Amino acid sequence: MSFLTLKDVDLKDKKVLVRVDFNVPVKDGKVTSKVRIEAAIPTIQYILDQGGAVILMSHLGRPTEGEYDSQFSLEPVAKALSEIINKPVKFAKDWLDGVDVKAGEIVMCENVRFNSGEKKSTDDLSKKIASLGDVFVMDAFATAHRAQASTYGVAKYIPVACAGILLTNEIQALEKALKSPKKPMAAIVGGSKVSTKLSVLNNLLDKVEILIVGGGIANTFIKAEGFDVGNSLYEQDLVAEATEILAKAKALGVNIPVPVDVRVAKEFSENAQAIIKKVSDVVADEMILDIGPESQKIIAELLKSANTILWNGPVGVFEFDNFAEGTKALSLAIAQSHAFSVAGGGDTIAAIEKFGIKDQVSYISTAGGAFLEFLEGKKLPAIEILKEKAIR
């Protein structure tokens, strides 16, 4: 890799600053999902095993920067980590003036966003954070697209900066899927808006043989094919863009299977009755909330031929059971595939959990925004600074 990884660095008797992604749901002072905490354990354990001292940093939620707010405190997260790793985890509420930690110990610092200058990565704050440790480990891929003090600035000023085990695994999986994929390659891009995924769609066109669109994005493509989408969520101002993408795909020999049938309802409701219709039969007062059985079959058949699958976003309103069939069929097709599969994004992970296919997906990314920016082909600031440090 073009940057140092944790295993390239001497950690014995070093104070190791680790930027983790512990932005987890907390309710009544208890962590309700520990997935992101568990994902950081290999990095933490490796540092301890190598004789280092661990200083953990993370954000939680969106507090007003520079102000303490107990509802965004990481104290419950420190307790949850202690239970998972079966070791004491000290909690440092005020930590910028120094952290008392010895080899073999773990300290969790309070929310980085309580510090003024975090989001703008001010030199003053970045230098203060860097002065706390000997080595900086970036292990929060979910925040790698942000040039903030705890993800980017600290790496500029600390003597050694490297990637943690989780970050290294994320980059390797994504590069395997995007930079050296085993062909044919299929990508699934779902979700409500074309506008947020337009550059992703354009970037993927040059890399894939199959591009499956779902959700509100698919509705915009259905409209681009000249069909009425009734009361469905779609973006009128991006119909021309969708038409261009379809034309470009045709020229490149990329298959975009725009839905041929859909499940519609008269209202956006969990209890709404799902009616299966051809796309040509959707009327003005109906909204498309899922793909239909014919479209499911087409997608499942296409995915059988793929050797690499990249998945970001559902193909319907899978949170409502009446409109979950399309995303369920997609999930099962990916689960049954022999392909190397990478999935990412909050809704995608929720679908994976709902349909119980976690063990059948080759790699599940913990990131949302950073995952998308990687798919767009953008450079991620927190990764770029690690590359720069490796050259120096």
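Please read every residue number as a count from 1 along the shown chain.
Cβ atoms here come from the backbone N, Cα and C positions, even for glycine.
Listed by Swiss-Prot as binding ATP are Lys197, Gly345, Gly346, Asp347, Thr348; the candidate from Glu175, Glu319, Glu325 that the record includes in that site is Glu319.
The binding-site residues shown are Glu319, Gly346, Asp347; of these, the one with its CA atom nearest the CA of Asn23 (substrate binding site) is Gly346.
Its Cβ placed at the centre, Gly346 (ATP binding site) has 11 other Cβ atoms within 10 Å. Across the annotated binding residues for ATP (Lys197, Glu319, Gly345, Gly346, Asp347, Thr348), the two most widely spaced Cα atoms sit 21 Å apart. Neighbours of Asp347 (ATP binding site), defined as other CB atoms within 10 A of its CB across all chains, total 18. Taking the Cα of His59 (substrate binding site) as the reference point, the closest of the binding-site residues Lys197, Glu319, Gly345 is Gly345. The binding-site residues recorded for this entry are Lys197, Glu319, Gly345, Thr348, and the Cα of Gly345 lies nearest to that of Gly61 (substrate binding site).
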